[in-house]
């Protein structure tokens, strides 16, 4: 059985998230998803939704076999516990694949690191960004300052 890990924030689920998870699931037989804890999201605005709610929504998606919230201090701890064959990175995620491979090797994990394919918008007003969804909600409600 080929175990695949996908990871991310998964705040305000959109078609890009679904595509990423479908692509990741196609890389193996069992898809594990690790959701970044709110306090660990430092490269963008923190998630709007709580950790458990984001996990529960992701767990309900068809391609996902298991979903868990990441470790508060060591982002590789859940990966060690899962012992995957593949880590699937989102096509636009900021992660350095070579650095991940080096850390996996240092921890004795034999795991491939692959990038998911991009998902292009299928129609003019399709929104493929959680931040863009939040901005659109605020703009349509006339409140640009949360």
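Just so it is clear, glycine is given a Cβ too, placed from its N, Cα and C backbone atoms.
Since the structure is predicted, the reported quantities are computational estimates derived from the model, not experimental observations.
The Cβ of residue 10 (ATP binding site) has 17, 33, 35, 54, 57, 58 as same-chain neighbours under 8 Å, each 6 or more residues away in sequence. What Swiss-Prot records for 9, 10, 14, 15, 16, 17, 92 is ATP binding site, and it gives sequence analysis as the kind of evidence.
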Key: Chain-mates of 9, 10, 14, 15, 16, 17, 92 with C-beta within 8 Å of site centroid, ATP   = 8, 13, 18, 19, 20, 90, 128, 129, 130
Message = Let's check the environment of residue 15 (ATP binding site): how many other CB atoms sit within 10 Å of its CB?
response = 13
Note = DSSP says residue 16 (ATP binding site), in three-state terms, is helix
Request  = Report, as a single number, how many Cβ atoms besides its own are within 10 Å of the Cβ of residue 9 (ATP binding site).
outcome  = 24
